[in-house]
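> Pasting in a structure now, in structure tokens, and then I'll have a few things to ask.
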Amino acid sequence: MGTLRPWARFPLLVAAHLLALGIGAAVLQALEGPPALQLQAKLRAELAAFQAEYGACLPPGALEELLGTALEAQVHGVSSLGNGSESRTWDLPSALLFTASILTTTGYGNMAPLSAGGKAFCVVYATLGLPASLALLAALRCCLLPLLSHPGAWVAIHWQLAPERAALLHAAGLGLLVAGTFVLLPALVLWGLQGECDLLEAIYFCFSSLSTIGLGDLLPGGSRGLHPVLYHLGQLALLGYLLLGLLAMLLTVETFSELPQVRVMVKFFGSSGLLTAEDQGGILGQDELVLSTLPPSAAAPEQAATC
């Protein structure tokens with residue numbers, strides 16, 4: 001690919017992205033199409049059985065109208081089912097979780113404003129709140145990234161690794177730590193506390209939350225019969241999990257994006273010129289970050305050995 005003309009690199013990247021979209025759509029269609037059809041057939045069969053048994057007692061179209069009203073309310077997070085903890089959708093814990101889902105762009109979709117004033121406020125709130133959240137995350141990133149570089153510097157000193165290999169090992173270790181702390185461990189806790197979902201569904205929820213996909217098909221605390229206090233504590237715990245987990249994900253993505261190997265690839269597709277020697281082996285932004293904490297006494301032998 002080194003001989004590929006500069007003007008052909010970006011269309012190649014776009015074509016690869018479109019191919020990935022097509023493959024993903026085909027796989028999901030093959031996996032999810034049959035279960036969806038089975039669920040639709042089961043729903044139609046139960047509806048037909050209900051109408052056959054109680055249809056004489058109901059006016060024509062009454063059941064469809066009731067179901068339509070219930071489904072429309074469910075879209076906005078309003079439900080008459082449950083023991084009362086799930087029906088109060090706009091209490092303080094639920095409102096805090098909703099605002100956090102706006103500012104983190106997670107958007108679970110389990111709640112939505114009903115009034116025109118609420119929708120207008122969401123627009124203004126997101127317009128002002130999203131830049132403020134990004135500024136806060138940028139400030140935290142600048143403060144925490146140098147601290148996270150200390151383990152990489154220790155490994156580079158004691159194992160006498162090359163800067164590129166030390167940066168790669170540091171990024172891999174940080175990725176495993178974040179995956180275990182913010183994906184696997186919360187999934188195990190969620191699996192143990194909420195018996196309605198299995199471990200795979202719990203991992204799926206944690207990943208969709210931290211990646212800000214927020215599909216909304218799973219949400220902790222939605223099980224029937226849950227005590228209102230536990231329900232609200234679960235919402236507050238989810239609020240803290242979102243804020244801390246997204247910060248950890250941002251630091252991990254930033255660490256991987258600064259790897260020399262990644263920057264060379266980005267430079268290859270984004271630059272219109274040839275790759276320079278600096279791009280090939282001298283993009284040491286992450287390496288300088290890792291090795292910036294080396295004491296002068298430890299850095300001097302390295303420089304003497306290279307002379």
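Heads up, the Cβ atoms here are built off N, Cα and C, so glycines get one too.
Keep in mind it's a predicted model, so treat the numbers as computed, not measured.
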> Checking feature assignment: transmembrane segment per TrEMBL, candidates 26-47, 48-69, 202-223. Which range matches?
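Among 26-47, 48-69, 202-223, the range TrEMBL annotates as transmembrane segment is 202-223.
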> May I ask which of the stretches 92-111, 123-148, 168-190 has the most CB pairs under 8 A with the transmembrane segment (229-253)?
92-111
